[in-house]
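Undergrad: One structure follows; several queries about it will come next.
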Amino acid sequence: LMSQLGVSDMREDVAEVKSINNVCICLFSDKDIIYICPFSGAVKGKVLITNYRLYFKSSDSDVAVMLDVPLGTISRVEKMGGASSRGENSYGLDITCKDMRNLRFALKQEGHSRRDIFDLLFKHAFPLSHGLPLFAYLTQEKYEENGWNVYKPMEEFRRQGLPNNKWRITFINKNYELCDTYPTVLAVPFKSKEEDLRRVAAFRSRARIPVLSWIHRENQAVIVRCSQPLVGMSGKRNKDDERYLDMIREANDTTKLTIYDARPNVNAVANKATGGGYEGDEYQNAELIFLDIQNIHVMRESLKKLKDIVYPNVEESHWLSSLESTHWLEHVKLVLSGAIQVADKVSSGNSVVVHCSDGWDRTAQLTSLAMLMLDSHYRTLRGFQVLIEKEWISFGHKFASRIGHGDKNHADQDRSPIFVQFIDCVWQMTKQFPTAFEFNERLLLTILDHLYSCRFGTFLYNCESARDQHDVRSKTVSLWSLVNSKMDIYLNPFYTPESGRVLYPVASMRHLELWVTYYIRWNPRIRQQQQSPVEQRYKELLALRDEYLKKLEELQLSDSSPSSRLANSPTPNTPSSTSSTPSQQYTHLQTPL
Amino acid sequence: MEFSEHIKTANVEDVVLRQPLHPPSRGTLCITGHHLLFSDREEGSSRQLLLLLRNIDAVEKRISGSSGTITIKCKDMRVLHLDIPGMEQCLNIAHSIETLSCLDGVAAMYPFFYRPSDLSLQNQWGLSSTEKYYSQMKELHNRWRLSSVNRDYSVCPSYPPAVIIPQNTDDDMLKKVAKFRQGGRFPALCYYHRKNGMVILRSSQPLTGANRKRCREDEHLLQAVIDGSDKGYIIDTRSSQQAQQARMTGGGFESKSSYSHWKRLHRQMERGKALQESLIKLVEACGDESHNMDRWLSKLENSKWLSHVQTALSTAGLLAECVERDGHSVLVHGSEGTDSTLLISTLAQLIMDPCCRTLEGFLALLEREWVQAGHPFQQRCAHFAYSHARLQQESPVFLLMLDCVWQLWRQFPLALGFSEALLLRLATEAYASDYGTFLCNSHQERCALGVTENTHCLFQALLRPTERDYYSNPLYEPTELAIWPSVHPQSLQLWRGFFLRWTQQARQLEEAQEEIRNMVIEWGKMALS
């Protein structure tokens, strides 16, 4: 069947299709269907549906249209038109996707083919609603690398220089008894006792106590994350919580601890009504700053508005003001500028605590972006994977609720593009610092594609305890297995490691761009860059770079005095000029050999 | 004329200079006939600022007590502040700058005094000319000829001495055609498309007037262009309504009845004052220091600059489509034929012709299509967007063209042989320059002032080995294919490298690009060695 349909000329991943194929059940094929393409009009073709994807190929060779949509991407399937429908192509299916597109198919009324396709799609796009397993549990893909080994919490703590005499590692949560949405291994102030942690947990929403995310090697300032304190209407206090925050401040001996509350001030106040709140004046030696970032519902509506102006038709006449009215870039700006404040505070030697309400959405955005700015390790291909594993996955960003993997309930109020927004912020940073990241845009696109695809276990479930319960690590494949098995396509040839450098992106509207290559990528009329020649050229450049480094190494071996001096010199942030000297050029090329 | 009569105070000590991207510094300010010179007094870290007075677009002074502050807004978008002790000195300096920055006499301008040690006036001036282009295009020779009818500029004052016209059109006919076209700009060839032998011609509007005058020679010339083919296109850069209205003032368009084999297409392009006002709005939005940037995108939209970019690129795309895809020759004109006409013929050539996409090719294209074809640089670039002077003939057409080229460069990062730095440099040089290239309004004026004998040529200077590297695109990979730009608003971006160039951010990006350049060059050298 596959060959009959010409699946072999699928653009990419032929090998993957085959390996998925082992368990890929062909559910439906060879039926004539009309794809109502918003760009080329009605296109006749054949459809193939497996338990992983929907594949469509036009049968008319004049209009080459191909669709390859993982069923996980689908958020909603609807029938359009009824038995009485008149008019051409008014009877069929409407499919809403999570990745900024919708699909529309027209079918013949005779022969129940619509019912068959609808039932299949409905069942396999939303397996959890039908008591079926997610596709990640069915696939038997094999990779050279095991992506589950990318992140080991203890190793990451050791890399940061922990434990030390101010911070200790605790296993108090090894059975998720302290906090069921936290990871098992936590770093807390050295002075704090286990019973302190338990008392603090009682005063923090969902027991998400303040724990260390990152420590500055030189000045020992830390980023600590948590949820809101349970102050409530009556303005409750908790001496243990107050003392605990003061221990965090004491750990690097500064006069003041800065608490960043990601929310707008009014929202924080409103949270008191439901038992939450924020740190008041009773927290001595602490200052509280609100970062004005809106909640998940506002972000969801904003992205929905953005989709309305880019799909299927892009707004032409008042593009910029329409874009402005979605507020998407403004939200991106606020998240970035919040992270910049956090990074700046830490890099000047002050410890910070970051929280929002529950500490799993805005908090994750802020801590991970600040860490990306502060620590160049996270800007490498593997380091970035660690950052996502650590700050997002292990600390319980509710991927399952935010994305709705395999769930038919498309209107769930828990859905929100918080992680997409984070990746957008990362993209903005890569645009502003084109040599500072080891990975390229393709990695970001791949991550977002598999955020929905359900092919890998990486983004499944809400927290570590749920992942343990469902044996994610043993029964599914990690996305990083795919990425790390063919790393070269995700590498930025111009990457120049600068280990000490703190990146401060400009979070001004004037310097932010809409990520057109993601949000508007389905529109063939919007050309961004000729993606393939650029990628081809990137590969050539990577080869050139490797050859260069090899030659450099040979030089170092044969003549240790001058070239080793060059190679061992630290990599300062050299603003090069037109007349950059050879030694400056060498320093740009420091790559771990 | 003596510059000294405008300089009452030549030197001031203890001046504080505040400029973007640098900490304030204290030092000595000096005004000369052509420059503002500031050198700081700090030992060891001596810094100098040498600013061409011509680069200054607006001067604002604020006196408070016994000292004053002069704000200088430059044509390259830099804004400087000078705190000057002494009210009188401050007023003198401001007055000198105001006067010297907009002196009229071309012959007294700096290019006539600029004598760098590494350039000689004996060097070749310019890269290309009509004659050269004609001799390179052997394929042209059996149907087209080189005419020197304009050798003394009497037929068309804004054309160069040599022009390429159909073989069977004699000079007497040309003289008659010239009388029928505004400013004498008769249809002349500017591009030959090797792939299919089609051509682009440009001209000004025909002077048909209210009573629909005809000119047999004009009709004959155009007929000769499409001899052997079924039709040609005329792209009129005005709306058809504007073209109709032009008849009331003696202008007009090629009517269907008189030019039956030519199909007219109207595309309204903004010109003149409207374009200048658009630039003023954009520059104002970019310079807005207030932190509340909520309305930035609306302001950007309201300036309409990006929609002018879009119109220019899509009209150029239309022109290229007629030639490359449709296989027909095209005549382009608006009214005067010295602005939007040049804009779209330049862009269309970049889209279609790989030869124009190299560094030399692009500079030669600019030389033919703008400098020699009579774009009135002196009038159009007299002021930038800050000036308080009444607008006259200013219009940023050349800057708009550079912006469009930058959009192409962004959409096709491998296809163009030059760097963004080149576009930035050209944008600056067009408004204020050490070189003579962009002086005057026409070939004739340059000739009368001896520009080629007495000034240096910018294009030659840009091709010197040291500069060439800097202005080349290290990722360049020539392609024979046409590069069709996407003109959707989503595909077009504000040219931040220019409009936000004095921000930390733009500087960082510039440095990163420079780093990338050096890397690629270095790898290439090492890998080959």
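The backbone N, Cα and C atoms fix where each Cβ goes, and this holds for glycine too.
Heads up, TrEMBL stuff is auto-annotated, nobody curated it.
Got these off TrEMBL a minute ago, pasting:
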- A:147-519: domain 'Myotubularin phosphatase' (DOMAIN)
- A:N295, A:I296, A:C356, A:S357, A:D358, A:G359, A:W360, A:D361, A:R362: substrate binding site (BINDING)
- A:326-372: domain 'Tyrosine specific protein phosphatases' (DOMAIN)
- A:C356: active site, phosphocysteine intermediate (ACT_SITE)
- A:556-593: region 'Disordered' (REGION)
- A:557-567: compositional bias 'Polar residues' (COMPBIAS)
- A:568-583: compositional bias 'Low complexity' (COMPBIAS)
- A:584-593: compositional bias 'Polar residues' (COMPBIAS)
Undergrad: Give me the non-local Cβ neighbours of A:N295 (substrate binding site): same chain, 6+ apart in sequence, Cβ-Cβ under 8 Å, ordered along the sequence.
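TA: Listed in sequence order, they are A:R263, A:N267, A:S357, A:D361, A:R362.
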Undergrad: Could you tell me how many residues in the domain 'Tyrosine specific protein phosphatases' (A:326-372) are helical, how many are strand and how many are coil under DSSP?
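TA: Summed by class, the stretch gives 32 helix, 4 strand, 11 coil.
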Undergrad: Which residues, in sequence order, are found in the same chain with Cβ within 8 Å of the centroid defined by the Cβ atoms of A:N295, A:I296, A:C356, A:S357, A:D358, A:G359, A:W360, A:D361, A:R362 at the substrate site, excluding those residues themselves?
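TA: Near the substrate site, the remaining chain residues are A:A262, A:T363.
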Undergrad: Limited to the domain 'Tyrosine specific protein phosphatases' (A:326-372), I'd like the whole-number average of pLDDT.
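TA: Value for the domain 'Tyrosine specific protein phosphatases' (A:326-372), mean pLDDT as a whole number: 97.
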Undergrad: Run through the Cβ atoms and count how many others sit within 10 Å of the one on A:W360 (substrate binding site).
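TA: If we count other Cβ atoms within 10 Å of A:W360 (substrate binding site), we arrive at 25.
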Undergrad: Taking the Cβ of A:R362 (substrate binding site) as the centre, how many other Cβ atoms fall within a 10 Å radius?
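TA: Other Cβ atoms found within 10 Å: 29.
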Undergrad: Among A:N295, A:I296, A:C356, A:S357, A:D358, A:G359, A:W360, A:D361, A:R362, which the record lists as binding substrate, how far apart in Å are the two most distant Cα atoms?
TA: 12
Undergrad: Can you check which residue among the binding-site residues A:C356, A:D358 has the largest number of Cβ atoms within 10 Å of its own?
TA: A:C356
Undergrad: Please classify the secondary structure at A:N295 (substrate binding site) using three-state DSSP.
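TA: Where A:N295 (substrate binding site) sits, the three-state DSSP reduction gives coil.
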